[in-house]
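*Asks:* There's a structure below that I have some questions on.
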Amino acid sequence: MKLLKPSWVSHNGKPIFSVDIHPDGTKFATGGQGEDSGKVMIWNMAPVLREEDEKNENIPKMLCQMDNHLACVNCVRWSNNGLYLASGGDDKLVMVWKRAAFIGPSTVFGSSSKLANVEQWRCVTILRNHTGDVMDVAWSPHDVWLASCSVDNTIVIWNARKFPEMVTCLRGHTGLVKGLTWDPVGKYIASQADDHSLRVWRTMDWQMEANVTKPFSECGGTTHVLRLSWSPDGQYLVSAHAMNNSGPTAQIVERDGWKTNMDFVGHRKAVTVVKFNPKIFKKKQKNGSAQKPGCPYCCCAVGSKDRSLSVWLTSLKRPLVVIHDLFDKSIMDISWTLTGLGMLVCSMDGTVAYLDFSLDELGDPLNEEEKNSIHQNIYGKSLAITSTEAQLSTTIIENPEMLKYQQERQNSIQANSGLGSAGPESSAPKLNSMMNGESLEDIRKTLLKKQVETRTADGRRRITPLCIAQLDTGDFSPALFNSAPILPSGSSMSNQLTSQLSSDSSPGQASSLGLRPIHDPMLTSPPPNSATKGLEDGLKSSLLLTSASKIEPMKALDSRFTERSKATTGVTAVISSISGLMPLDSRPKDGLSSLKDLKSKDDTSSDSEDKMASINKNLMLGKRKPELLIDAGEVVEKRKKGRPRKDKMAAPTAQLFPQMTPSAEREPSRVAAPPPPVAALKLPTPSIKKTFSLQVSMEPSMFLEVENEVSVVAGSKLSQLRCSRDGRDWNTLLPSSVITAAGSSDILAVACQDRMLSVFSSCGRRLLPAIQLATPVSALHCSAHFVMALTAGAALSVWDVHKQKALVKNESLLSILPGADTTVSQSLLTQQGVPVVGLSNGKSYCFSSSLETWTLIADKGDSMVQCADFRSCLPTQDAPVSSGPLAVMQGRNLNAGRLASRLSSTPHHLQQSMTLAFLENQLASALTLQSAQEYRYWLLIYTRFLVNEGSEFRLRELCKELLGPVHKSAATAWEPTTLGLRKRELLREVLPVIVENLRFQRLFTEYQDQLELLRNK
C-alpha cells in the first residue's frame, strides 16, 4: 500500500467536508468551506497518481472552482454516468453541475490570474425544497433519482431525468438526517440520522421498510456527518456511529431481515463515514497452485472522529490495515476509484490523502460477468450496474417509476432499438450492443428468471420487455433477436413444417398467432384458422419467432441464437432497420395491413410482442407472397436464397416490394373494377384478407374490425366494418372487399378493392361520398381530421375532411423516385396534415402544400448529418423531441455528433460550417413539417450554437425576425406567430441563451429593452 498526501489539494486551509472520484478516474471533486461561501473544486487525478505529472508544470492540478453555493458545501457526488456532479450545502440548496462547452479560459473571480479554470462546469439546475442545511446527496443506480437529506429531518427524492421535478419527500426521522446510501439493486434507500436510528425505505412505494435503532441507543454526542454505505453485492448495509458495550463501532446490518449481529470494532471515537469498495474480490491465486474456489468478499473503509482510517475485508476478522493520526481532525468522507484499488480520504483539517492498494493486498476483483452471476444467485437477476452507459445492457426494473417512465418512452424509443422494446437503459445517452465480456447465454438465462409484469389502466397485463444485447458484429446497429431462423433445406424441420401446415389449417378455430407454449424451440405452432388463409398464415407464423406472454420471454431463443445471428446478419439488419424506422401507426402496409390480425389475438399479449409479430409478418409475407402456392419445403428453401445481402442494408425494403406485382396479375379473376396495366403500378398494394382488425387510437380507445364477403346479395359481395369506441359499437356495410383501413380519434378511412375510398366519423356517419382513386391504394393514413392516400400508381392525395377540400391533389411521386429500384419504405401523415414519404434510398420528403412542391427533410446518407457536432448545444432540461415527425423520419441516424469524435481531424471551421448547415436544415424541415415542438427545440439548439461560435450577424437577424416591427405599418408582412408559437415568446426563450456569451451583452440588452417596450405598449 502507498500513501500520499497531495498538499496542493486544499481549500486555502478551510475544512474539506466531501470528496468524490469521477467514474472515469480522471478527476475528483472536493466540497467544503470557501472564503465567504461554499466551495466546490474539481481536481485533476493524474498528478495524484503519477509523480512525474505532479512535477510537470503543463499539467493542470485544479480543473475548475465553483463558488455558487452561498454557504459551506457538505457533500459532492458524481452521477454514475459521470455527466453530472451534485453538491449540497448549508445554503439549503442542491446544485447539479454539468460540463459546459469551452468558450475560453476564465479566471476565478477575485483570484490572481494564474488560477484559471481549465474546464467549465456550470450549474444546470438548483433544487430547492429543504428548509435546512443539506448534509448528503446520493445518485440512485442508473441515475434515475437523486436523493438529498437535510437537518430539516427529511429526505427528498428528485427525478434526475426531469430536474427540478420532485418525486417524493420521505418523512419519519425525528432528528437531523446526515447520511444516505442506495441499495445497488435499486430496491431500497437507507438513511441515518441523529435520532439514533437507521431507516430503510422502499423505492417501490417510498414507504419505510425497516427502522433499526438497537445499535444506536447508547450513542451520545454527535458527529458532523453519518455517511453509511451499502455493499456492492447488496447483502450488507454498514452504518456510522453505533455503540457496542459503550465502544464506538460501525454496525453491519444484514439485508436478510435487517439483523444487526456484526460490527467493525476498534475505533476510539465515533465513526463518521463508511465506504464500500465498488468491486467484489476473490483471493489471489498463488502462481502454479490449483484453482481453489475462493469465497468472494467485499472491502470496506471506515473513517472516524479519532482521525484514523481502517480498511476491512469481509473475509478477515481483523482489519487489513489501520492508519492512525492520518489527519489533525476528524475524517469527513471517503471515495474509492471504480477499479477498486485507489481511495481518497478528506478531513475537517482541510487536507486529503490518497491510498493506493495492490491486487496482492485486496485480491482479484471479479469481472462483470462473475459479479453478475453472484447477483444472479442472490436476486435471480443480473444487475450489471457499471460505470459507463456503454455497459448498461442487462438491467432489471424494480420500481414503478421506472416502469411508468418506460411505458411512456416505449413509443418514442424505436430509434434506439429494433422494436421499441428497449429496457430501462434506453434512457442512457448511448447504447453499445454488448456487455463487457458477458456472454449472450448468461444474459438470456438471467432474463428467463424474472419477468416484470405490470397492469395497465384498463387491466391488461403488460410484460415489460427487456433489451437483449446482440453479438457485436460491428457493421450494423444492434438488431434484436427476432431474426428469422434459416432452416436447412433438407432438414427434418422443413418436413415438419409441411405436415404441420396441412394438419393445422382446419377452419373455424380461433386465430391465436402462435401464442401457445412453444415446444420446439425454433417453431412457434402455427395459428389454426379459417381455411382460406390457413396455408399462408401457417407458413408465416411457423417461421415466426414471437415471444408470447404465456411462455417465458426468451423460450424461442435457443442456444443456437448465437450462431444464427452471425449467419443471418442480412435478415436481422433488415428487421431491425425496418422496425426501427417505422412508428407502428405509419408502417407501410407491405404485403399485409400492418396491424391486422394482431388485435384479434388474446388481449394478454404484450405490446412488444404485437409489434414483433407485425414486423415479422410484414417481412415474411412481403418476401414470399408470389411463391405461396409452391410446396412448403420449397418455400423455405427459396426464403433462404432470398436473404438480402449485407450491401443492400441501406435499402431494407427494396427487396420486399418488387416481387409483389405478380399478385396484381392474378387479381382480375376476383376484381370488380378492371385493374390498370401492371406496368403502371410503381408501389406494392396490401393483399386482401378475409378478416382483420386494428387499433385506431389509444385515447379514446378505438378498435376496427373488417370482415370481407360477409354475404352475397344480388350477386355483389358485401363486406362488414365494425368499430368499437369506448365500449360503444357501430357497424356498416360496403359493396366491395376492404383492402386496408386507417383511422384517428376523429375519423376512419377505408379503401376497397374497387378503388373506392370511404371516410366515416368516429361514430360511423359517412363524411364524404366515396372517392374514386385512379389506381389501388398502397398506403392509407389518418391523423386528426386529415386523410392521406398513397396509390400504387405513385400518386399522393391529402384531404381535409372538416373543410371538405383537397390539400394535396394527386401529386406524383415520380419526381422524387430516382429509379426503378427505389421504393417507398415508410409514409406518415402529421397531425397538421403534412404528408411525409420515406424512400428506400434513405431520403425522406414531405409535400408542402404552401410551396406546392416536394421538400427534402431528411437524408440518411447526408454527410452533414453525420459530421454535425452540436453535443455542447443540447438543452439540459428538455428531453429531445423523439416523437415528432422529423425525429421519426431521421430515426436513429441523428445522434448529436456521433461521428464527430471520429472526425476530430476535420478542421474546426469546416466542422462548424457543417454543423451550422445541418442545424439550419433542421429548422427549415421542422417549419415545413409544421412541427412546432421540434421547431422550438432546434431553434434553441441553433441559437446556442450561434452563441458558442460567436456568429453575431446570424443571431441579430434571428432576433430581428422574432421581434418583428416595433411600430405597426400597413407595409409589413411580418406574422406574429409561426406554427402557432408566438415569435416574441420564442425571443424571450432565446435571450437567456444569448446572454451566456458575454460578447453579446449589447445585443441582449437591445432586444430585451424592445421587448419590455412592446410589453408596456
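Cβ atoms are placed via backbone N, Cα and C, with glycine included.
No curator has checked TrEMBL annotations; they are predicted automatically.
TrEMBL lists 491-512 with the feature compositional bias 'Polar residues'. Taken from TrEMBL, the feature compositional bias 'Basic and acidic residues' applies to 586-611. The domain 'CAF1B/HIR1 beta-propeller' annotation in TrEMBL covers 1-362. What TrEMBL lists as domain 'Protein HIRA-like C-terminal' is 764-962. Sequence annotations record features per position, and here TrEMBL assigns region 'Disordered' to 491-536, 582-611. For 66-98, 127-168, 170-201, the entry in TrEMBL reads repeat 'WD'.
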*Asks:* Per DSSP, how many helix, strand and coil residues does the repeat 'WD' (170-201) have?
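*Replies:* The breakdown for the repeat 'WD' (170-201) reads 0 helix, 19 strand, 13 coil.
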*Asks:* DSSP on the repeat 'WD' (127-168): how many residues come out helix, how many strand, how many coil?
*Replies:* 3 helix, 23 strand, 16 coil
*Asks:* Summarise the model confidence on the repeat 'WD' (66-98) as a single mean pLDDT, whole number.
*Replies:* 91
*Asks:* Please list the DSSP helix, strand and coil residue counts for the repeat 'WD' (66-98).
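*Replies:* Here the numbers are 0 helix, 19 strand, 14 coil.
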